[in-house]
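Here the structure comes first, spelled out in structure tokens, and everything after it is commentary.
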Amino acid sequence: MQARGPVGLGWECLHQGAGPSRAAGARFQIFPDGQYFHLRHRGVAQQSLTPHWGHRLRLKKDPKVQWFEQQTLRRRFKRSFAEPSDPWFSKQWYMVQPDLNILQVWSQGLTGQGVVVSILDDGIEKDHPDLWANYDPLASYDFNDYDPDPQPRYTPSDENRHGRRCAGEVAAIANNHFCGAGVAFNARVGGVRMLDGTITDVVEAQSLSLQPQHIHIYSASWGPEDDGRTVDGPGILTREAFRLGVTKGRGGLGTLFIWASGNGGLHYDNCNCDGYTNSIHTLSVGSTTKQGRVPWYSEACASKLTTTYSSGVVTDPQIVTTDLHHQCTDKHTGTSASAPLAAGMIALALEANPFLSWRDMQHLVVRASRPAQLQAEDWRVNGVGRRGAMGPVGAGMLCPPGK
């Protein structure tokens, strides 16, 4: 097979018999003690867009030449990792900072391939230009209207943009010259529309039980009101959905439930009083700012297993993701933004080792969370020698390991 490109860089020949002289063999021989030779003709252009037919015919007629091939230029590329070319990737400051370790994991070829994530929220635009190629209909459903289409309901205030933004953080398409890139940009992503209507124990349980053998990770950035007065949690059916998920989901390895820890810090809300983040079956995620500071909305609780980036005051850089009406935004914030980042990083870990159980992943997250970049005054060493903060920071910054 002849490669494209300029030709005339010489000839490779298989010469029958003794071949050229010993001196010529030493100079032109391709393999030691072989009969393949690389020959050049001084009267032929070094590079040309067309083959040299006259010389080809002469070689073809030579009874001592068993095979020949005119050499061509071949394009070869170093297989080093290149950052996504999406126009807003430069705004995704949390991707390039070493704390989350995302670029290093990408450089190992881990991009979420084969992992399915479902966003339990107010719906997603399945035809969004930065999502459509990764959209998974089997990981999607509308439990508000009971149909398979998770498309959000459009309003003048765009109040149903929450799920769309969370989905883009996980699996926005990379290198398509639009928006930015998701943490696990080759993962499959679905959406469950369940927050834009009557919310009952049945709706929550059904949402958390959708396709448990197909969906690996459920990401939820919602819960009871963060007003500092509410003590609430999952009902009987939802608790059963959690139990069935971790015991039977993913072929018995257990479904992974990623939960935002809450935004009630201003009201002294405590996520220990939130039965979703406080459940042993969920992996609760808090927030930190780019500077490693505790955001004003962060809640303190012992159930918070890890922390990822978000923003604090209005001047802080926020999270880049997809938005309603096929748009992009750089204004996503709160623990609602932190949980999908963690879901994406956990998808990378699952690609590296799909046999991790739900408890394995909880242990892995705690062990991979580092306190180094977080500013807190109450770091303590617990009984197993791990550093943790009693306040709103939690166990540390999530930093997924490599393979």
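Cβ from N, Cα, C; glycine included.
The active site, charge relay system annotation in TrEMBL covers Asp121 (among others). In the shown protein chains, 29 other C-beta atoms lie within 10 A of the C-beta of Asp121 (active site, charge relay system).
TrEMBL lists His162 (among others) with the feature active site, charge relay system. Under the three-state DSSP scheme, His162 (active site, charge relay system) falls in the helix class.
Annotated active site, charge relay system per TrEMBL: Ser336 (among others), in sequence order. Sequence-distant neighbours of Ser336 (active site, charge relay system): residues of the same chain at least 6 apart with a C-beta under 8 Å from its C-beta are His162, Arg165, Cys166, Ser221, Trp222, Ala260, Asn263. DSSP classifies Ser336 (active site, charge relay system) as helix under the three-state reduction.
Taken from TrEMBL, the feature domain 'Peptidase S8 pro-domain' applies to 29-79.
Among the features that TrEMBL reports, domain 'Peptidase S8/S53' is placed at 112-372.
Residues belonging to the domain 'Peptidase S8/S53' (112-372) score a mean pLDDT of 95 in the model.
Asp121 (active site, charge relay system) carries a strand DSSP state (E or B).
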